[in-house]
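Below is one structure, written out as structure tokens; comments come after it.
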Amino acid sequence: MTRHGKNCTAGAVYTYHEKRKDTAASGYGTQSVRLGKDAIKDFDCCCLSLQPCRDPVVTEDGYLYEKEAILQYILHQKTEIAKKMKAYEKQKQALKSEGQLESKSEERERAEKFKQRENNIVSKPINPFTSGKTKDDGSQNGSASSSSSDTSAGESSSSSALPSFWIPSLTPEAKPTMLKKPSKTVLCPMSGCPLKMSDLISVRFTPLDPSLDRVALLTRQDRYVCAVTKDTLGNSVPSAVLRPSGAVVTMECVEKLIRKDMIDPVTGDKLKEKDIIPLQRGGTGFAGSGVDLKAKEARPVMQA
């Protein structure tokens, strides 16, 4: 392709670059953009606030959170679950009362039908001099009452709020939305697995320079090191959290040193396989980091 090949519009072929350019300008079609290093959080940042953690905790899946942020999230989810459960119980009671009313109405209909059958068996003498008048008067009164009832019903129906026909849920054929029973389990916002407060593990990062305060430490590019080998930690360095001590070590240290004896080098406690939690880290901007670095925006598609 020549130097100005992308801007050439005199060609007979609709090029791939022209197609992508027109798609982006039209507002239709899914767009995908490769993320850079600036769009990826650091390994020591909270997955909710995206800020460096003051009091970090990690889940069993390796996602790092600020303790205050994740506790607020769990409490908020519990209140939302309680609201949904209350609405579900209210709907359940309403359905139960409707079922009882329907059963009572069926019993009344059966009783009325039985009374009509019993009354038809016994015939009463008819007075020929009064029966016609009563019928005529009854018909006139009935027509007047029916007309008045129809007018009153029409006025009441017209005065009542009409359904919005353009909203699908308010059409005459639409049925009321049924609520499903909500789950009482709080899920992790990143992994979607069940999450409890007791499952959170405190994390202790080893600072690169203990003499620096927090503000000076956050301004540095390299902030923390491995608790055993003193290697610098970063997004490009796979690391893990040891459950008994909460220390952060590199996976290289785990494979070469810790897995031989399965003993926590900080506290001396015996380790199990589940006590070594790989820490989920962000990408580095390179393809070899093993992290999906593509952002997609789903937009409507034009159909012919």
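Every residue gets a Cβ built from N, Cα and C, even glycine.
What TrEMBL lists as domain 'Nitric oxide synthase-interacting protein zinc-finger' is 4-78. The feature region 'Disordered' is assigned by TrEMBL to 94-162. The annotation compositional bias 'Basic and acidic residues' is assigned in TrEMBL to 99-118. Taken from TrEMBL, the feature compositional bias 'Low complexity' covers 139-162.
Here the domain 'Nitric oxide synthase-interacting protein zinc-finger' (4-78) has a mean pLDDT of 83 out of 100. Broken down with DSSP, the domain 'Nitric oxide synthase-interacting protein zinc-finger' (4-78) shows 26 helix, 12 strand, 37 coil.
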